[in-house]
Amino acid sequence: MEEHMEAGSRLGLGDHGALIDNPADIAVIAAYFLLVIGVGLWSMCRTNRGTVGGYFLAGRSMVWWPVGASLFASNIGSGHFVGLAGTGAANGLAVAGFEWNALFVVLLLGWLFAPVYLTAGVITMPQYLRKRFGGHRIRLYLSVLSLFLYIFTKISVDMFSGAVFIQQALGWNIYASVIALLGITMVYTVTGGLAALMYTDTVQTFVIIAGAFILTGYAFHEVGGYSGLFDKYMGAMTSLTVSEDPAVGNISSSCYRPRPDSYHLLRDPVTGDLPWPALLLGLTIVSGWYWCSDQVIVQRCLAGRNLTHIKAGCILCGYLKLTPMFLMVMPGMISRILYPDEVACVAPEVCKRVCGTEVGCSNIAYPRLVVKLMPNGLRGLMLAVMLAALMSSLASIFNSSSTLFTMDIYTLRPRAGEGELLLVGRLWVVFIVAVSVAWLPVVQAAQGGQLFDYIQSVSSYLAPPVSAVFVVALFVPRVNEKGAFWGLIGGLLMGLARLIPEFSFGTGSCVRPSACPAFLCRVHYLYFAIVLFFCSGLLIIIVSLCTAPIPRKHLHRLVFSLRHSKEEREDLDADELEAPASPPVQNGRPEHAVEMEEPQAPGPGLFRQCLLWFCGMNRGRAGGPAPPTQEEEAAAARRLEDINEDPRWSRVVNLNALLMMAVAMFFWGFYA
């Protein structure tokens, strides 16, 4: 271990003595990419990508295990490997609470939220709110807010995290490598649709788990096992504690010593970096937005074959969420033990030399383990793991943002046919890629040591009003559109009142604290999320009680208490849905009408046929399956909205859910 500590201490930013540049590593990486491309091509041949439902919801035919694997892979991006390991290195075990909290919230998705989404017959979350409340403004507001968060938070986190790993492990040019990754991700997102994503997610989940297990084994062996981690972590401190900057000078020991509560999940409600009331309640609110109303996650559930498969997929995802504590957080702590002068650097000029940022280098904890501990071949496997995480997360964002833009914003154009929607959805992915590349300089210039916490705080300032709207929409039938809209607006203004000052003053660091006034910025962001959630919910209910209620005939199968209702529902968006249906030649399916009117027209050439197949847009052409009739579409819709379950399998998934919660409670209690 001493050799690794010395080597780590000597390594600077420009020292790339352990790059992935040998035949074994390159062969593993190439094999991985061939596997992913092969799975994507197979799913392109196997699945229906020529309809909106097929492209965006995988035809709602996925069984439980790809649903669960895709939920996990869509959530676990490279930001988790870099961010969780980095925060674990800096502050100890508590950050694993983010993952173990999700164990319970994902069950809420399967048992409470998904049944209503299914019976509502929707593709996107703003679509659900359009049916539930009517009007356009809530749907449009949420679509724009979600796209904003996708582009400027989720993509930026993945771009930064992937860039950190590539820079540390490869020494490649950041722009060239990330643009190449974005390009490959875009290809199988544009061509394959959601089914291709979910099958490749399944493959990548196994790659992620296998590679992370291998590295964890090497890390624990190097540190002396599980007991070695807990014996040595509290003594993992940098020896370089005097800054060359006279304004900084001798740095306080509180800035470089591990926290006294590093081994505890539940920390002091006032002085803790993750106070236990905030972790249990505030995080549940933010997690509720992400797991129960965020398009990236819910879209995977809506692709399930039936409600039982959706619930089983949520359970599988929950079991997988047990692993980040041991596969990411603890390896990050081990990295601090092995390389304290790098991972735990505190002097601004030292950190600048090691990782290019002055606020700290804890984010290099996981990449440093890969570069220094893994042998040839396995090092390439771990790069493949990081690429898998990055590409999976980005592909999920690309597909889901495409769905949001196409189904919630572009459909405001009343004469948009299905072929046009499919084309626009694919072009939107290309646009997102271009924005991502343009955003790279901003990400690279960001203070990386604070990026992970920054993203969590941004979610806490913007997400609670959305969580409040979805909770009351499902469980309080009396709530109406006016209440929901003004609750969202009031919550947004309240969140911006905290977000803008924090943006302006910066988050600072232990060595150079932020100048933001205490009454604005010193309240923990998860405490703020609790206040924001209840204020938004209260405003929603007050405005709703002061205005006319929505008649019950519009609420059948749109609220939890009426999810099994058999009465016919009069959708508040019925006029919007009926408008394109007549006359069909002009609006509903213009491409089919053209084919019927011009049967004598010559078919497309060979190259055009191949291109149309590659993009999944050859449905209804010669040799392809005929478009479904209106009766077939209605029957399929009734089948997909059915939430009845086989009693035997329903009991099986319920027992598994109880077992998973018992296991989670044991771990919470053990590390509390």
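From the backbone N, Cα and C atoms, a Cβ is placed for every residue, glycine too.
Here's what Swiss-Prot has on this protein:
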- A73, I76, A389, S392, S393: Na(+) binding site (BINDING)
- C255-C510: disulfide bond (DISULFID)
- C345-C351: disulfide bond (DISULFID)
- C355-C361: disulfide bond (DISULFID)
- C516-C521: disulfide bond (DISULFID)
- 1-22: topological domain 'Extracellular' (TOPO_DOM)
- 45-63: topological domain 'Cytoplasmic' (TOPO_DOM)
- 86-93: topological domain 'Extracellular' (TOPO_DOM)
- 115-136: topological domain 'Cytoplasmic' (TOPO_DOM)
- 167-173: topological domain 'Extracellular' (TOPO_DOM)
- 218-275: topological domain 'Extracellular' (TOPO_DOM)
- 296-309: topological domain 'Cytoplasmic' (TOPO_DOM)
- 332-375: topological domain 'Extracellular' (TOPO_DOM)
- 407-423: topological domain 'Cytoplasmic' (TOPO_DOM)
- 446-450: topological domain 'Extracellular' (TOPO_DOM)
- 477-481: topological domain 'Cytoplasmic' (TOPO_DOM)
- 505-522: topological domain 'Extracellular' (TOPO_DOM)
- 23-44: transmembrane segment (TRANSMEM)
- 94-114: transmembrane segment (TRANSMEM)
- 137-166: transmembrane segment (TRANSMEM)
- 174-195: transmembrane segment (TRANSMEM)
- 276-295: transmembrane segment (TRANSMEM)
- 310-331: transmembrane segment (TRANSMEM)
- 376-406: transmembrane segment (TRANSMEM)
- 424-445: transmembrane segment (TRANSMEM)
- 451-476: transmembrane segment (TRANSMEM)
- 482-504: transmembrane segment (TRANSMEM)
- 523-546: transmembrane segment (TRANSMEM)
- 652-670: transmembrane segment (TRANSMEM)
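In the topological domain 'Cytoplasmic' (115-136), helix, strand and coil residues by DSSP number 15 helix, 0 strand, 7 coil. Under DSSP, the residues of the topological domain 'Cytoplasmic' (477-481) split into helix, strand and coil as follows: 1 helix, 0 strand, 4 coil.
Away from its own ends, the transmembrane segment (451-476) comes close to residues 79, 82-84, 86-87, 98, 112-113, 116, 125, 128-129, 132-133, 138, 142, 145, 149, 153, 156-157, 160, 282, 285-286, 288-290, 292-293, 363, 483-484, 487-488, 490-492, 494-496, 498-499, 502, 507, 525-526, 528-530, 532-534, 536-537, 540-541, 544, 559-561 of its chain (Cβ-Cβ under 8 Å, at least six residues beyond either end).
If you take the Cα of C255 (disulfide bond) and the Cα of I76 (Na(+) binding site), they are about 29 angstrom apart, rounded to a whole number.
The two recorded residues A73 (Na(+) binding site) and C361 (disulfide bond) have their Cα atoms spaced 26 Å from each other. In the three-state DSSP reading, C516 (disulfide bond) counts as coil. Against the transmembrane segment (310-331), stretch 94-114 shows more Cβ pairs under 8 Å than any other of 94-114, 137-166, 276-295, 482-504, 523-546. Long-range Cβ contacts of the transmembrane segment (482-504) within its own chain (Cβ-Cβ under 8 Å, at least 6 residues beyond either end) map to 129, 133, 135, 137-138, 141-142, 457-458, 461-462, 464-466, 468-469, 472-473, 514, 516-517, 520-521, 528, 532, 535-537, 539-545, 547. A helical conformation is recorded for A73 (Na(+) binding site) in the three-state DSSP classification.
When Cβ distances are compared across the two stretches, the transmembrane segment (94-114) makes no contact with the transmembrane segment (523-546), since fewer than 3 pairs at least 6 residues apart fall below 8 angstroms.
Long-range contacts of the transmembrane segment (523-546) within its own chain (CB-CB distance under 8 A, at least 6 residues past either end) are made by residues 274-275, 277-279, 281-283, 285-286, 456-457, 460-461, 463-465, 467-469, 471-472, 476, 478-480, 482-484, 486-488, 490-491, 494-495, 498.
The Cβ of C510 has fewer other Cβ atoms within 10 Å than any other of the recorded positions I76, C345, C361, C510, C521.
Put simply, C516 (disulfide bond) is 14 Å from C510 (disulfide bond) when counted between their Cα atoms. If you compare Cα positions, I76 (Na(+) binding site) sits closest to C361 out of the disulfide-bonded residues C345, C361, C516. Shown for the topological domain 'Extracellular' (332-375): DSSP residue counts in helix, strand and coil, namely 31 helix, 0 strand, 13 coil. The Cβ of S393 (Na(+) binding site) has A73, S74, N75, I76, G77, S78, G79, K154, D158 as same-chain neighbours under 8 Å, each 6 or more residues away in sequence. Mapped onto DSSP helix, strand and coil, the topological domain 'Extracellular' (86-93) counts 7 helix, 0 strand, 1 coil.
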